[in-house]
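> First the structure, then my questions, so here it is.
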Amino acid sequence: MTTETTGTAARDGDPRPGGPADSPFIRACRRRPGPHTPVWFMRQAGRSLPEYREIRASVPMLESCRRADLVTEITLQPVRRHGVDAAILFSDIVVPVAAAGIDLDIVPGTGPVVAEPIRSAADVERIRLITRDDVPYVDEAVRQLVVELGDTPLIGFAGAPFTLASYLVEGGPSRTHAKTKALMYGDPELWHALAGRLAEVTLAFLRVQIEAGVSAVQLFDSWAGTLSEADYRRYVLPHSTAVLSGLADDCSGSGRGDRRAEPEQSHAGVPRIHFGVGTAELLGAMGEAGADVVGVDWRTPLDVATGRIGPDKAVQGNLDPCVLLAPWPVVEAEVRRILDQGRAAPGHVFNLGHGVLPETDPEVLTRVVALVHELSSRRADQG
Ligand code: CP3
């Protein structure tokens, strides 16, 4: 009932008071005023929390992503503990790729490792298109979470074509992305076939999450910052645009024929966040891909970022995750600076510039949430 009311109302631009579509987070994504600046943290569900480490002690990473009960519990943990303004689904960017038929594992201390890296057109053909039936645990977890979270919005996510392609071509994490770039420059046709296929998988995966009820989505192009703007525009932007604009087509009702769940969900037009690391030179292009919110890492002040992104998009960021390891007065000063610089943007979602580091004291995260709320609502009072 909650989702139905909210979805219908959101489409009409008049969200049900108190529902997820009227939350401070969704309001900021839509550049609407709200009671305070919303805050959540990339990787908030995960390794910094003892209650997470306890669950994972006996369960491998990919298995934990495929058990809806565990996904639901791990996703809720940071919401209970910190009082963040949004939950993000616990999963990994390689989950849909594994569901598409690629043999991979997440190796502790290393990250995703692909058994047979993608190097040829025949390899690209091994990446199947996916439907909800390939990721039933994601559909189920999102539906459970929407009920459990009530008025707190749930963010769905996926990896962007470039970042996914990097893991598939390299076979694992890479500092230089040399094999990926060699393929891109040396065989553009094969590159576009691979990135195009990954865009289709990603779009399908995000649609599953939206139809199950997420309130927003984030596209992670974590490693896009390794490219020049010219190469980003030529080799990556068309594919990320296919994903983000593909979701926008769903809103206008022109994009799809079948597999619609409740109409109000597929019409929800959920806000789209587009994020990468080291993307100072790419911020404008990443916005152009079809984002409502552009994620900014800690290197670019939010007022400067807003100048590059333009006045019709909100920003998300951008506390350096390492600052959370410093004494509290340093953290406090940085939070104040970021809130001040974020006022230049037409909407600001407070976040880190990249994910929470494992060694972060969770109590500092809780204090940051309280401080962001206090400082931003006091400003409204003084209004
Ligand atoms: O919190 C944790 O790190 C523990 C669980 C875990 C995740 N991914 C959660 C995750 C583990 C062990 C991984 C494996 C993995 N996958 C790694 C190594 C992680 C490490 O540092 O040990 C990496 C680099 C990947 C690939 C990956 N996954 C990328 C590039 C991204 C995009 C976000 C980013 O960090 O740049 C992900 C997404 C991801 N992995 C999420 C979660 C919960 C979702 C996003 C979020 O919560 O912000």
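Using N, Cα and C of the backbone, Cβ positions are placed for all residues, glycine too.
For reference, TrEMBL lists these features for the protein:
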- ARG43, GLN44, ALA45, GLY46, ARG47, ASP92, TYR167, SER222, HIS354: substrate binding site (BINDING)
- 38-47: domain 'Uroporphyrinogen decarboxylase (URO-D)' (DOMAIN)
- 155-171: domain 'Uroporphyrinogen decarboxylase (URO-D)' (DOMAIN)
- 1-25: region 'Disordered' (REGION)
- ASP92: site 'Transition state stabilizer' (SITE)
> Can you tell me which parts of the same chain pack against the domain 'Uroporphyrinogen decarboxylase (URO-D)' (155-171), counting only residues 6+ beyond its ends and a CB-CB cutoff under 8 A?
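Sequence-distant neighbours of the domain 'Uroporphyrinogen decarboxylase (URO-D)' (155-171): 40, 86-89, 91, 93-94, 96-97, 102, 104, 112-114, 117-119, 127, 142, 177, 179-180, 183, 191, 194-196, 198-199, 202, 205-206, 209-210, 214-224, 227, 235-236, 239-240, 243, 273-274, 276.
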> Please give the maximum pairwise Cα distance, in Å and rounded to a whole number, for the substrate-binding set ARG43, GLN44, ALA45, GLY46, ARG47, ASP92, TYR167, SER222, HIS354.
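About 23 Å separates the two most distant Cα atoms.
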> How many Å lie between the Cα of HIS354 (substrate binding site) and the Cα of ASP92 (site 'Transition state stabilizer')?
15
> Going by DSSP, is ASP92 (site 'Transition state stabilizer') sitting in a helix, a strand, or coil?
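In three-state terms, ASP92 (site 'Transition state stabilizer') counts as coil.
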> Between the binding-site residues ARG43, ARG47, HIS354, where is the Cβ count within 10 Å the lowest?
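The binding-site residues ARG43, ARG47, HIS354 were compared, and ARG47 has the fewest Cβ atoms within 10 Å.
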> Could you give me three numbers for the domain 'Uroporphyrinogen decarboxylase (URO-D)' (155-171), the DSSP helix, strand and coil residue counts?
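Result for the domain 'Uroporphyrinogen decarboxylase (URO-D)' (155-171), in helix, strand, coil order: 10 helix, 5 strand, 2 coil.
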> Have a look around ASP92 (site 'Transition state stabilizer') and count the other CB atoms within 10 A of its CB, chains all included.
17
> Mind tallying the domain 'Uroporphyrinogen decarboxylase (URO-D)' (38-47) by DSSP state, helix then strand then coil?
0 helix, 1 strand, 9 coil
> Looking only at the domain 'Uroporphyrinogen decarboxylase (URO-D)' (38-47), what is the mean pLDDT?
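Reported value for the domain 'Uroporphyrinogen decarboxylase (URO-D)' (38-47) is a mean pLDDT of 97.
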> Please list, in sequence order, the residues in the chain of ALA45 (substrate binding site) that are at least six apart in sequence and whose C-beta is under 8 Å away from its C-beta.
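Counting only residues 6 or more apart in sequence, the Cβ neighbours of ALA45 (substrate binding site) under 8 Å are TYR52, ILE74, THR75, GLN77, PRO78, ALA87, ILE88, PHE90.
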> Give the number of CB atoms, excluding that of TYR167 (substrate binding site) itself, located within 10 Å of its CB.
26
